[in-house]
Amino acid sequence: MASSITREWVGLKTFAPATQTKLVELLGRLEEKNVDKLTILVMGKSGVGKSSTVNSIIGERAVTINPFQSEGLRPAMVSRTRTGFTINIIDTPGLIEGGYINDQALEIIKHFLLNKTIDILLYVDRLDTYRVDSLDKLVVRAITDSFGKEIWKRALIVLTHAQLSPPDGIPYDEFVSKRSEALLKVVRQGARLRKDDPVVSSIHFVLVENSGRCNKNESDEKVLPNGTAWIPNLVEKITEVTTRSNKSIYVDKKLIEGPNPNQRGKIFIPILFALQYFFVIKPIERAIKNDVANEAKPLWAIREAKRRF
Amino acid sequence: MNSSFTANHLITTPTLPPPCRTSSYLKCQLPSSSSSDHTKDHSNSTLIKTLSTTFALSSAASIVVFSTSPLRSLLPDASGHFSSGSGGNAGNGGNTGGGGGGGGGGWFGDDGSFWSRLFCLSPAIAADESPSPEWDSHGLPANIVVQLNKLSGFKKYKISDISFFDRSRRVRINAPDDSFFELVSLRPGGVYTKSQLQKEVKTLASCGMFEKVDMEGKTNPDGTISLTIAFTESTWQSAEKFRCINVGLMAQSKPIEMDPDVTDKERLEYYRSRERNYKRRMERARPCLLPMSVHREIADMLRSQGAVSARLLQRIRDHVQKWYHDEGYACAQVVNFGNLNTQEVVCEVVEGDITQLTIMFLDKLGNVVEGNTQIPVVQRELPRQLRPGYVFNIEAAKQALRNINSSLALFSKIEVNPKPDEKSEGGIIVEIKLKELDQKTAEVSTEWSIVPGRGGRPTLASLQPGGTVTFEHRNLQGLNRSVSGSVTTSNFFNPQDDLAFKLEYAHPYLDGVYDPRNRTLRVSCFNSRKQSPVFTGGPEVDEVPPIWVDRAGLKANITENFTRQSKFTYGLVMEEITTCDKSSHICASGQRVLPSGEIADGPPTTLSGTGIDRMAFLQANITRDNTKFVNGAIVGERNVFQVDQGLGIGSNVPFFNRHQLTITRFIQLMQVEKAAGKPPPPVVVLHGHYAGCVGDLPSYDAFPLGGPYSVRGYNMGELGAARNILELAAELRVPVKGTHAYAFVEHGNDLGSSKDVKGNPTEVYRRMGHGSSYGVGLKLGLVRTEYAVDHNSGTGAVFFRFGERF
């Protein structure tokens, strides 16, 4: 894989001890299930904190963060190993550019992912956005169109900037659930899922606060306003989804290019041509001959069929 | 009791020009025609007006009709004369004006056996010696009646007026429209000598209409004379039945003059033999075309009249001839009435049987030359009804003109000219005279075009000089084979934009010139350059870098024409398609401008991905078109099916089946009288077009949606380019003062198949993939002016378009 050199996961050591213990335990749980490699795809709009989330999980500044400008168009993969277990996190550029889906960026992402397996999709958005709009739907749709509906069985919705005080004194949890509901609706519509689709209910929300000013608890873990330590929580959710029986998404050429419409139905062409000949051309020809036979001829032309002297 | 009467001379009236006389030269000159030497008779003939309207549509050639129709409308000012030959047949009247007619002279028998030569009176006097304007006064006291023989032989008398006096009924006939006046060549106001008047009386007496004719004058105070023709009309026994026989091409039985000094027995014998001969003649005669309905009408006329009078016979003749002439049998002529004084009146007609058909070629000076064109090539265009054995019909002749003119673009002048056959009495020779066009032509035509800018509005900056250089070598081997070539560009300033050439060889009569099957082989080599409507932006996209699709290749196809409009074409196409950007560099994909302003690759332009595709495919197109014009409005239906079947030969093994079905119905909403100058009926046009492709579909073969021939109100390709499309349209056309106004609704849909075109150009260039429009318009000549509302944006615009949408 061109973009990354697999290194030892040193960032793990930077976490608070409590977090480390929890993570090691979770990794152990994965190893029990014979999972020795985890590939996480991080996608979302621009400026929602995708790269920061990646860095938070890895525990080091693995990808550069450009807070005030759109990142480059290239996705980046960060790979870390720890005792035979490899974690790959793929950070992608924002999909929205000037109010439209950046098709080119999407194209690049797809090609970057070619021949890789995606175990987890982290769909990143901000918690502190109060509204959802059609752009969200477009992003969800673009992801669905690229990797298929199946990807949502392996998806987690990550809400960044989770350390906030909700407006108008709404309780924090209520705010979170309202925001989640709104986003879930967008995902459902964008992914063209039915309301009662089990996938919808299986999508989990994870709150994240990447900022350095994130509150910490007594064991020096970064915690959210509701008291949850979010890194272990995130990794736990990831583990949970991974250990579900659902298959990972393998990105092959067919998946990213979609079915080749030029190949579709090709074998039926000879039959189609024969049908056209016998059921379109021939009937029209018969109709023409009929027209000729029934042509309204002037009287002079009918009067004497043959009058030789 | 069954006395027979044979009038073996024509009855005709002087003002009714006999058929097949001098060929009157009638012409319809079309605006673009080059020859201008026969324009004077181009006039008040309704026939020619219809002709010209018909031909104006089909050709730019000048057409000259040698019309021989005796219809008055054709020859309005003809002071034609007719010479009745002794045979009394139609047709050999020739060009002689007047001529008192050999074999004139009535022969009146006594009691039952009655001979009269109903003789066509020739207005010899009027024709031969035109009345001199100077005249002499009668020199007699006013208001006295003078017998004709009392007049002076040295004076020229001026006739102030003419009237008839029927002695038997004792009525005076003054009405100038009375059929008697047609018999007289004298005209009120004319100046005549005594001998002329005497000759006139003699002619009248011998014409068979009258038993006795006298002429007397009444002196007027001003020196002129009022003429009264007193007569006793010839009458025969009343008859019940009517029969019409065709005596064309039969030898006329010449009456054997009877010696006046014969015994009664001999005389009786003579009449008997005559009667027998006539019976035999009637049996030999062929049936005529006159339908039973006309027979019945005439029988009714006979029954209601009682005694058969000369005037009645004249009316019958007019009636019979009118039917023939109305049906187009322009050379038909009543020549005789026989079997008079029996229950059944026999009308002898010469219908104008064609005895010969000759095709001749004329050079520029009008001399008969040996043409290059082979005769069968012309013959196969002629309706059967012009062949020997048929009765000459002017409609068939017109049909021949039209066929030769539209099917064979080989002649600058076409004449169809019936003339009397001198060898066969009553026969007609149809003469077709053709003036061939030069075999080799080359021409350069230039034109300035105003290209519609955005929204269909012409802009001054878009004025472009364009033109075509063409050459043609036609009628190779006289078999209408041709080699032609053309180079066209719409902009000489920038010929690389759309320079197109075509070199074609056409080989008609593939199955032989005598085979009625009409198949033409065409082999062509072509190059065309067009801007691809696939790489066009939607309404919000400012500009999409254009892609030019350059096709060069070979095509060989066979076209079978079933009718003038319906045909089946099938053949092989081999072409190389090159896609270029606006600076003529080959490009493998379209470009698109990213929101950031960067330019990135768009959808691929070719199948191979290199910008150059080569492919071979079969192409078949069947068109069923039975539309016709009802007072200028198209009515009928048209179905077109086209299929391009890839053969898997070419870049990336292109295997595909592209098919298109177009169905258009023109439904007449109201029955109208069909005639020239009548308003056309309102028409509803329903149109459906489905196009689809299975297999490899390069973007240049994707079906664009939007445009003046797809969904009006949008630019070409503005709605998208898809694998399968459906277009539906409805238009209501209402005639308005010689043209028509229309309202339309149209819809185009990609059926969700835009994504099945590689690179999805519809989405990349932000197009809707579907759209509707509605609007109203007015047709002004060739230009359609319309206001169309684009339903996607809800805005309307005025468009000017050439030609028809459907």
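Each residue, glycine too, has its Cβ placed from N, Cα and C.
According to TrEMBL, the feature domain 'AIG1-type G' maps to A:35-259.
The GTP binding site annotation in TrEMBL covers A:GLY47, A:VAL48, A:GLY49, A:LYS50, A:SER51, A:SER52, A:HIS161, A:GLU209, A:ASN210. For the recorded site, A:GLY49 (GTP binding site), the DSSP three-state label reads coil.
Within 10 Å of the C-beta of A:SER51 (GTP binding site) there are 26 other C-beta atoms, taking all protein chains into account. If you look up TrEMBL, you'll see A:SER51, A:GLN69 marked as Mg(2+) binding site.
For A:HIS161 (GTP binding site), the same-chain residues lying six or more positions away in sequence with a CB closer than 8 A to its CB are A:GLY49, A:ARG126, A:LEU127, A:ASP128, A:GLU209, A:ASN210, A:SER211. With every protein chain in view, the residue among the binding-site residues A:GLY47, A:GLY49 whose Cβ has the most Cβ partners within 10 Å turns out to be A:GLY49. In the three-state DSSP scheme, A:HIS161 (GTP binding site) falls into the coil class. Each residue in A:THR53, A:VAL124, A:ARG126, A:THR160, A:VAL208 lies on the same chain as A:GLY47, A:VAL48, A:GLY49, A:LYS50, A:SER51, A:SER52, A:HIS161, A:GLU209, A:ASN210 and has a C-beta within 8 Å of the C-beta centroid of that GTP site, without being one of the site residues. Under the DSSP three-state reduction, A:ASN210 (GTP binding site) is assigned to coil, being neither helix nor strand. When every Cα pair among A:GLY47, A:VAL48, A:GLY49, A:LYS50, A:SER51, A:SER52, A:HIS161, A:GLU209, A:ASN210 is compared, the largest distance found for this GTP site is 14 Å.
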